[in-house]
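Engineer: Quick one: the structure is below, questions incoming.
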2 protein chains.
Amino acid sequence: MKVLYAQSGGVTSVINASAYGILDEAQKAGLEVYVGIHGISGVLKENLLKINGKSIDGLKYTPSAAFGSCRRKLKSQEDINKLFEIFEKYEIEYFFYNGGNDSMDTAWKLYTEAKKRNTPLKVIGVPKTIDNDLPYTDHCPGYGSAAKYVAIAIMEATLDLRSMYVDSTRVFVMEIMGRHAGWLVAAAGLGWLNGIGADIILFPEVPFNKEKFLDKVDETIRKKGYCSIAVSEGIRYPDGFFVADMGYTDSFGNRQLGGVGFTIAGMIRSELSLKTHVAIPDYLQRSGRHIASRTDIEEAEGVGRQAVKLALDGISGVMVTINRISDNPYKIEYSTIELNKVADKTKYLPEEFHKDFEVTEKYFKYAKPLIEGELFPEFKNGLPNYTIFKEVDG
Amino acid sequence: MKVLYAQSGGVTSVINASAYGILDEAQKAGLEVYVGIHGISGVLKENLLKINGKSIDGLKYTPSAAFGSCRRKLKSQEDINKLFEIFEKYEIEYFFYNGGNDSMDTAWKLYTEAKKRNTPLKVIGVPKTIDNDLPYTDHCPGYGSAAKYVAIAIMEATLDLRSMYVDSTRVFVMEIMGRHAGWLVAAAGLGWLNGIGADIILFPEVPFNKEKFLDKVDETIRKKGYCSIAVSEGIRYPDGFFVADMGYTDSFGNRQLGGVGFTIAGMIRSELSLKTHVAIPDYLQRSGRHIASRTDIEEAEGVGRQAVKLALDGISGVMVTINRISDNPYKIEYSTIELNKVADKTKYLPEEFHKDFEVTEKYFKYAKPLIEGELFPEFKNGLPNYTIFKEVDG
């Protein structure tokens, strides 16, 4: 019996912990295990790596897709036929696809095709996204670590700002990923659990009101001398236009977004005459394994192991989900949802989790357990010693 | 006998370890210890905080200036007179100023004034800068931790990039602080000690050659499929113009610099038609205490303690320096240099430390011991539990 695992979509700092869970659990079950290099893109090119006999322990400590990811959607019947040709050639009985909502759509298409063809292929989706926007799961592996990164980054940067404000920079702006949902930018408020965090959070769910925003900056400066701001890359004006819209579309027809952090800082400079600094962590916030959440790492591994157990029980066509049993003590259990229910859906930050420019007590209660604990990577030469599979390079 | 300590200039993630060293050593010597809030700006306003009896252990684990910093230069005799008035009123015999080259200029002026007035005031400079550009010292406290941050950030982001390049982003650009000297951007190469780092480094010491640069990007992409780039904010064209020059001066008369990361990425998009991502860590790279270097922390504390010992021995008018005795095992000793020799000087990255777009073996040998070791802060609620003195807020 043979297993195929592949990684897909934007990566996280703990997706390889899921890989570790799946590959280890499958090998323990005596299965022959293959990995697709760069998701279905690699599978389509028969770029498969046999895992049995390889050392995989380092995966638990390595960020980003150790086996490469892709953004390829499954659109043509030709691609589907090609994939099934390869599944047959390698006698794959279990396919585990580790990704976000687009990837679950791919998994769902393969599942329905398998049923149509009446082949024994089982397909299980394994969730992963720093955006935390998959429905039917309390949260997504990858979110806790990205949230922890964002919370710590703005805590530390705000300490820097408050050092400097008397005769230098008065406003710090940090631009956070999450074009549609405000889950990740919300984490900029978590530092208040320990006394310092973002003074103002701009959520993509809340239409941007420039006047109200500048009033709030001014009020904060008057009160404490400085103001730190976390802004989602996806904030929009009430008419739906992105605040960072550059006014034109790129060669692929997408609206070109500039750095919204600089747009916001520019407003503050010109309207309030205050010196600003802007940080755009970009990839750093989703690859910061050196400060990942232990809870998140353990759950990422957990959903991986659970996926293998489900497949061995003959289950197919579902994504593993996380149900929260209690907040304190924090307790979860794994469950499942049909893949088609998750595909291409977005779960927004609930209204009860934010108010004006802040997060609420309910959000603190929700997010705190997800960022708890550390599990530092091994250090060598003063730096993390990450696991690197050469096969991923071109 | 009374002591005054103050922090000045752009902050680091370990400047408070120096504060801890000074305040602890001075208290052990039975001295009465004051801290100026926001450097000499606070001292001029008699904004002093008495430390004896206060808990200061958390300083060792807290980034940025816990007592506030300032960028105020000592220009008028009026300010100097005011400072001596306050020194007299508080019977200050030792003044420790913790900063970079501008701050050493301030310390030097106070030292010469003290001699002129024939007062017993002793002035000692305590070095601190992520820029590592102070002369007469092997390196500066603050550099090792910022270097470690930069090295890890680009390692992790490059792992992300190599996950995504097959059908998405091909080039990642990270903009690094250091307008004049390339010490910090050089650290983007350190990841190669563990197998992954920046493919291209753009140093401010090397005039920017657009054609040669784009050729190198193209060559790297052809070889491995992706390319990660670390660029100093201060790179210039051969004619001396900043690459990021926006073409105008701001209201203070300074040339306005845009994000050079975006400038570089724009060149790559338009000339090579490659998708790019840009990160600008900004304050994050100098406040990232959560991943500071243990060597750096210990030396930051060490230069603080040494400053007190020197003052107690009657020495004045010097800055503490670090001499390297050996690389392996790494061994240093503390020494001193006259303050006026350091004031307003810049130490550039030596030519033997970089070649074309890379750092050399000699740089690895120099930098490796400086980033060695970790000393994580205490975590509470999943986040660092930093020490916050309320007095710093306005």
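Heads up, the Cβ atoms here are built off N, Cα and C, so glycines get one too.
Straight out of TrEMBL:
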type     : residues                                                                               : note
DOMAIN   : A:3-309                                                                                : domain 'Phosphofructokinase'
BINDING  : A:G10                                                                                  : diphosphate binding site
BINDING  : A:N101                                                                                 : Mg(2+) binding site
SITE     : A:D102                                                                                 : site 'Important for catalytic activity and substrate specificity'
SITE     : A:K128                                                                                 : site 'Important for catalytic activity'
BINDING  : A:T129, A:I130, A:D131, A:M177, A:G178, A:R179, A:E233, A:Y283, A:L284, A:Q285, A:R286 : substrate binding site
ACT_SITE : A:D131                                                                                 : active site, proton acceptor
Engineer: How many other Cβ atoms are found within 10 Å of the Cβ atom of A:T129 (substrate binding site), counting all protein chains shown?
Structural biologist: 27
Engineer: Listed in sequence order, which of the recorded positions A:K128, A:D131, A:L284, A:R286 sit with a CB under 8 A of chain B?
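Structural biologist: Sorted by position along the sequence, the hits are A:L284, A:R286.
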Engineer: Would you count the other CB atoms within 10 A of the CB of A:E233 (substrate binding site), including those on all shown protein chains?
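Structural biologist: Summing over all protein chains shown, A:E233 (substrate binding site) has 22 other Cβ atoms within 10 Å.
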Engineer: For the recorded positions listed here (A:K128, A:R286), which one has the lowest count of neighbouring CB atoms within 10 Å of its own CB?
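Structural biologist: Output over recorded positions A:K128, A:R286: least Cβ neighbours within 10 Å is A:R286.
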Engineer: Are there any residues at least 6 positions away along the chain from the residue listed as 'Mg(2+) binding site' with a Cβ closer than 8 Å to its Cβ? List them or say none.
Structural biologist: A:T129, A:D133, A:L134, A:V342, A:A343, A:D344, A:K345, A:T346
Engineer: What are the non-local neighbours of A:D102 (site 'Important for catalytic activity and substrate specificity'), defined as same-chain residues 6+ apart in sequence with CB under 8 A from its CB?
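Structural biologist: In sequence order, the residues whose Cβ lies under 8 Å from that of A:D102 (site 'Important for catalytic activity and substrate specificity') (at least 6 apart) are A:S8, A:G9, A:R71, A:K73, A:A343, A:D344.
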Engineer: Whole-number Å only: compute the distance from the Cα of A:E233 (substrate binding site) to the Cα of A:G10 (diphosphate binding site).
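Structural biologist: A:E233 (substrate binding site) to A:G10 (diphosphate binding site), Cα-Cα distance: 16 Å.
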Engineer: Round to the nearest Å and give the CA-to-CA distance linking A:K128 (site 'Important for catalytic activity') with the residue listed as 'diphosphate binding site'.
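Structural biologist: Rounded to a whole number, the Cα-Cα distance is 9 Å.
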Engineer: Using all protein chains in view, find how many other C-beta atoms are within 10 Å of the C-beta of A:G10 (diphosphate binding site).
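Structural biologist: A count of 25.
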Engineer: Restricting to the same chain and to sequence separations of six or more, state which residues have a Cβ under 8 Å from that of A:G178 (substrate binding site).
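Structural biologist: Spatial neighbours, sequence-distant, of A:G178 (substrate binding site): A:I130, A:D131, A:D133, A:L184, A:V185, A:P204, A:S232, A:E233, A:G234.
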Engineer: How big is the Cα-to-Cα gap, in Å, between A:L284 (substrate binding site) and A:G10 (diphosphate binding site)?
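Structural biologist: Each residue's Cα considered, A:L284 (substrate binding site) and A:G10 (diphosphate binding site) end up 13 Å apart.
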Engineer: At a 10 Å cut-off from the C-beta of A:D131 (substrate binding site), count the other C-beta atoms across all protein chains.
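Structural biologist: A:D131 (substrate binding site) is surrounded by 26 other Cβ atoms within 10 Å.
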Engineer: Provide, as an integer number of angstrom, the distance between the C-alpha atoms of A:R286 (substrate binding site) and the residue listed as 'diphosphate binding site'.
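Structural biologist: Each residue's Cα considered, A:R286 (substrate binding site) and the residue listed as 'diphosphate binding site' end up 9 Å apart.
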Engineer: Mind giving me a neighbour count for A:L284 (substrate binding site)? Other Cβ atoms within 10 Å of its Cβ, every protein chain shown.
Structural biologist: 26
